[in-house]
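Quick look at what TrEMBL annotates:
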| type | residues | note |
| --- | --- | --- |
| ACT_SITE | Glu176 | active site, proton donor |
| ACT_SITE | Glu499 | active site, proton donor |
| COMPBIAS | 8-21 | compositional bias 'Basic residues' |
| DISULFID | Cys434-Cys486 | disulfide bond |
| REGION | 1-27 | region 'Disordered' |
| TRANSMEM | 32-52 | transmembrane segment |
Amino acid sequence: MADNPPKSTRKRANKITKKQPAKTSGSQAGPLANVLLLVVSGALVLVTLALVPGPVQDKLLVAIGRGEKPQDLPFKTKIYLDKEKRKAVFQAFKHAWFGYERDAYGSDEYHPISKQGSNLTEAGGVGYTIIDTLDSILIFSLSEDGASLGQSYRRARKWLKDQHTFDVDGTYNTFELTIRLLGGLLSAHWAEHEVGITPGLHMENANSEDDYDPADMLYLSKAVDLAERLGHAFNTRSGLPLSNINLKTRKGIKSDVEGGLVSTAEVGTLQLEFRYLTHLLTNKLEQIPEAQRQKANLPSFLMDEDSNVVTKEDLRTHWARADHIMTITRQGTRGRLPTVFMNPEDGEFIISPIRLGSRGDSYFEYLLKQYLQTSKTEPDLLRMWDEAIDQISETLVMRTPRKEHLFIAELNPEQDDAGAISWRREPKQDHLACFLAGSLLLSAAHTRGTNLRDIPSASIPPKASDFENERAARDWKMGLDMLDACYDTQRTKTGLAPEIVHFRTKTEPGWVTDKAEGEWYIRGAPVGQPPPLDARYALRPEIVESIFIAYRLTADPKYRRWGWSIFESIEKHCKVPTGGYAGVYNVDEVPARQDDKMETFFLSETLKYLYLLFSDESVLPLDEVVFNTEAHPFPRFSPEWQTPFM
């Protein structure tokens, strides 16, 4: 994609080279309802509930998903709110969001230094920043000073209702539309409708035209509209979606790079969103009595083109598309690691690099998260995750010779003169790959039936030896060790981690121009040339995400120290005084030169994970929600359908 490559495709592709929970709404309300009851001071409870109408307030009061007793908490930990630090993150969010509101409202992207916005196509924008930030506004609005975001939320909702449309004659990336916009709309619907968080919509000074109408289900209607348009990208011989889609003409468009191939991350990172959409629509249909299912006043998203009520099988279309992709990838891997490119016509993997960074990362992330999202009811998904981690452990995991830092290498294909393919292991790791540390910890703690609360000798924080399951013990140690190495890449002059690092090995001492004695280095550019892309920091969230997960699962205070250190570096080097935040071109250069762009994932992911890091554990508990790759939380649920991928 020319304007805004997907998060998993922002790095250029390497070429082959010659050798050189339950379904009920009550259970869904728990995770955020706890925020009102358990996290915040009594004063905030009164302020927040004053913004919520009576019936919703009652729902929040009874929908408690977890108590404060030790046996109700993960392992043996107790994680308390760090009010001062969470407030600092809240202020940073307001600084970022208010800058966008002032300078670029409605634009897809924000350029804080030049104080202007831009859209991803000349045809106009589709609300990237606003939609990607909706659930962040809702979550941050539960802070001590959260009422100050009420007007922002009311404005965003009104803009989406009155001015926004997906009927734009422009080409957009299928993957990005799914994780940012479809994910953002679904998460906002859950928070607003299923949980009942509606900041600013019931304030006394709100105009009557802004009043909240629970029946409109604005976000779900928008999500259905977008999903229907996205569905046309799947019209290929294999059923794999094309990289791009024209939202107005509803035509899938091949990528203009890599010969029209699709990346494994692009096709493997749609499932959480399409599955949750299907679950929501099925629930809405089931809530309508049979006798009323022919009335014309039903929500439009439950009606077909002839104004007939849809059936469950009609609603299964989105789920089936997502599952079909998993069947294809399952058949193409069979215990092997996938390469980063696939042919959208025949569904075959193409000889190309194998990596957990760009173009590969979130495929692996979603193997685990699909299993968790559907309440651990699909063992084939866990099996695919296990097989992938087995292969990663055996072929990609490497350690530095001195400090034994664990990192995930890449495999690059090489072709000899006779045409034979061999694989060269490169000690290179993207910032993106650091998501895996948190996923490994989540897997160890949530998939093996191991309950450390039942083990009297379990350590606090837990150690790998506390796990009775060998695979869980391995994943736990690998996750902790990888996170140590990822955090070590923050040891730059700015305290920010670069886009890409190369680790030292016994056979690869580093570039001659690199004089450092550390475990890793940034490949440099020739003297007098601009810094390489490897050296930049684009406000990425992956290290912070894994730190958040590690802290929630261990309560080890060092992870809060790590997160605070990263936040302070962001404040020092990325903050634009007039509003917003910007990435930096070179993390090893002080003063840092800022890049005039605030990525939408800074609002949806980086600041959200930092906010949650300093919240108590009842705010979006990890055993009740699943975050998509853009940090949009979805509740776990019991699925209506299951698909065997074997």
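Just so it is clear, glycine is given a Cβ too, placed from its N, Cα and C backbone atoms.
TrEMBL entries are annotated by machine, without manual review.
Features recorded in TrEMBL, as mapped to the structure shown.
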residue : record                    : DSSP (3 states)
Glu176  : active site, proton donor : helix
Cys434  : disulfide bond            : helix
Cys486  : disulfide bond            : helix
Glu499  : active site, proton donor : coil
All chains considered, the count of other Cβ atoms within 10 Å of the Cβ of Glu499 (active site, proton donor) is 22
Which same-chain residues, if any, lie at least 6 apart from Cys434 (disulfide bond) yet have Cβ under 8 Å of it
Met482, Leu483, Cys486, Ala497, Glu542, Ile543, Glu545, Ser546
